[in-house]
Amino acid sequence: MFQDPRDSNISKFQVSEFILMGFPGIHTWQHWISLPLALLYLLALTANILILITIKQEATLHQPMYSFLGILAVVDMGLATTIMPKILAILWFSAKAISLPECFAQMYVIHCFVGMESGIFVCMAIDRYVAICRPLRYPSIVTESFVVKATMLMALRISLVAIPVPVLASQRHYCSQNKIEHCLCSNLGVTSLSCDDRTINSIYQVLLAWALMGSDLGLIFLYALILHSVLKLNSAEAASKALSTCTSHLILILFFYTVIVVISITHSVTMTVPLIPVLLNVLHNVIPPALNPMVYALKNKELRQGLYKVLKLDIKGN
């Protein structure tokens, strides 16, 4: 059997760049979305920088819990900065072209930051579990060394398991289309343009989500044990403080994982409105970085008071 030379030429052709089209279905007026996105990005950077300055300047906040919160702030800024400058460039200047290496690099970094954020949530859950359920052992277990080792472990874990995502995507052949109906280089969005079989990419994406996010979400159910212990506390003030801290954690965790589940469902189901999964994907990478500092500042008295000092606000009481 002879192969048609034209088929051979097509199969060897590789596009040199992708075109990020932005938000599908609203290309003509999508630039109006840039204003709220830019404000969210600015809020995320400002709020997280304030959190880092507050934690550094206030000696009372030099504790493992706030160290994890500071690491979370750095991760949040990194995640937002990975995608927002390019999205704003698309919406403001129509700078839609992105090279293949740059696209695959963005894909990898996004996976790393999202996985790192999930890992930090786990570390914070362990910190609160030991502090509330094993208070006498807390100083000996949750030390500065524990914070460093736990952070390095989470960073090493995600940096290794995320490598196959861009590697597998780069091995696909992109021979016909290069227009991505998205604002960023998502794994499924990019590989959907390939001319060959992308089953392995989809399988690994699912395995990564279940192995990483699934295991992390299971560990975060430590909060059930925490709440059970809080209900047994004799001191109403101690119970209130513990509940306030745990509530802020749970709000952020539930939002983070709920959106991931919704994005997975909308990507796997044929959507009549493809705008929904794209918009959710973008918002998931910019809303948590803006929301996290505000939730912690509102729910944590020590952090709130430290923030007042940094901002030089003369506010008394709670």
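The chain as shown is numbered from 1 upward.
Using the three backbone atoms N, Cα and C, a Cβ is placed for every residue, glycine included.
Annotations in TrEMBL come from automatic prediction, not curation.
Straight from TrEMBL, the features:
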type     : residues : note
DOMAIN   : 47-296   : domain 'G-protein coupled receptors family 1 profile'
TRANSMEM : 32-55    : transmembrane segment
TRANSMEM : 67-93    : transmembrane segment
TRANSMEM : 105-126  : transmembrane segment
TRANSMEM : 146-169  : transmembrane segment
TRANSMEM : 207-230  : transmembrane segment
TRANSMEM : 250-269  : transmembrane segment
TRANSMEM : 275-298  : transmembrane segment
Is the transmembrane segment (146-169) in contact with the transmembrane segment (275-298), using three or more Cβ pairs under 8 angstroms as the rule and ignoring pairs under 6 apart in sequence?
no
Under 8 Å between C-beta atoms and at least six residues away from its ends: which parts of the chain pack against the transmembrane segment (146-169)?
64, 67-68, 71, 104-105, 107-108, 111-112, 115-116, 119-120, 122-123, 126, 187, 190-191, 200-201, 204-205, 208, 211-212
Given a Cβ distance threshold of under 8 angstroms, which distant residues of the chain, six or more beyond its ends, lie next to the transmembrane segment (105-126)?
65, 68-69, 71-72, 75-76, 78-79, 82-83, 86, 98, 142, 147, 150-151, 154-155, 157-159, 161-163, 165-166, 169, 184-187, 190, 208, 212-213, 216, 219-220, 222-223, 249, 252-253, 256, 285, 288
